[in-house]
Amino acid sequence: MTKLITTVKEMQHIVKAAKRSGTTIGFIPTMGALHDGHLTMVRESVSTNDITVVSVFVNPLQFGPNEDFDAYPRQIDKDLELVSEVGADIVFHPAVEDMYPGELGIDVKVGPLADVLEGAKRPGHFDGVVTVVNKLFNIVMPDYAYFGKKDAQQLAIVEQMVKDFNHAVEIIGIDIVREADGLAKSSRNVYLTEQERQEAVHLSKSLLLAQALYQDGERQSKVIIDKVTQYLESHISGRIEEVAVYSYPQLVEQHEITGRIFISLAVKFSKARLIDNIIIGAE
């Protein structure tokens, strides 16, 4: 039976007792509205750790002025049921007032890693992400924390934060979970029309095209970007917002490809903005 914890104080009390007994803690931070991608991370943690904690907290700091914090889907009862079915031990669901009891005296700024891709479109977003993850790590004190590679920029930023702040946690990146036809699973997929849902499969297919070009020896980013863009333009009605090639995890834009790279897509359909990516090349 999964236990619901709603206060920072109680969560810290449980964690301190667990640490004294040598218990390993796995942690999956989420904003709720859970889907199979989240549950894959929970299963991975359950198979590895003595205790698995899932946080469900809609973090106001990562919402911009034109993003509706109040409209973000909240379904704690459903989320609790889902993680219970896959073996999570604790759901940590604090109130905003408990996580942020007063105005923050210290702001965390991410730096260059947040100046590109999603961060460039949502100024301050990753500052909010890093602030809440930093706080959650201090509260939960996990041995392992699980993040999806679908949000690859976020994963790179969290890994850098752990290094810079000397957190005693190992970050585990979990591969993108996809539908049978290749579409990356996302809570946003429900907003697609039937036609858009049929078209959306071409995001992952365009990434496979990029991978094939790379494997055939193509190292000019512009060639890959142009061919992926042309493919998408001929297969989807949505607006292509981004096709980009960056080094990973440094997130430096690439022209002549060397080393490990991250090919990122963003497409805006009528009521849903979908992202997808592929990481390829030697580390």
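Note: Cβ is positioned from N, Cα and C throughout, glycine not excepted.
Here the Cβ of His38 (active site, proton donor) has 26 other Cβ atoms within 10 Å, regardless of which shown protein chain they belong to. Look at Swiss-Prot and you will find His38 tagged as active site, proton donor.
The ATP binding site annotation in Swiss-Prot covers 31-38, 148-151, Val177, 185-188, and the record cites sequence analysis as its basis. Around the Cβ of Ser187 (ATP binding site), the number of neighbouring Cβ atoms within 10 Å comes to 17. DSSP classifies Ser187 (ATP binding site) as helix under the three-state reduction.
For Gln62 (beta-alanine binding site), the Cβ neighbour count at a 10 Å cut-off comes to 21, with all displayed protein chains included. For Gln62, the entry in Swiss-Prot reads beta-alanine binding site, with the evidence type sequence analysis.
As annotated by Swiss-Prot, (R)-pantoate binding site applies to Gln62, Gln154.
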Request  = With Val177 (ATP binding site) as the reference Cα, tell me which of the recorded positions His38, Gln62, Gln154 is the closest one.
outcome  = His38
Ask   = Using Cα coordinates, what distance in whole Å links Met31 (ATP binding site) and His38 (active site, proton donor)?
value = 10
Query = Looking at the recorded positions Leu34, Gly37, His38, Gln62, Ser187, whose Cα is closest in space to that of Gln154 ((R)-pantoate binding site)?
reply = Gln62
Query = Can you count the other CB atoms that lie within 10 A of the CB of Leu34 (ATP binding site)?
reply = 23
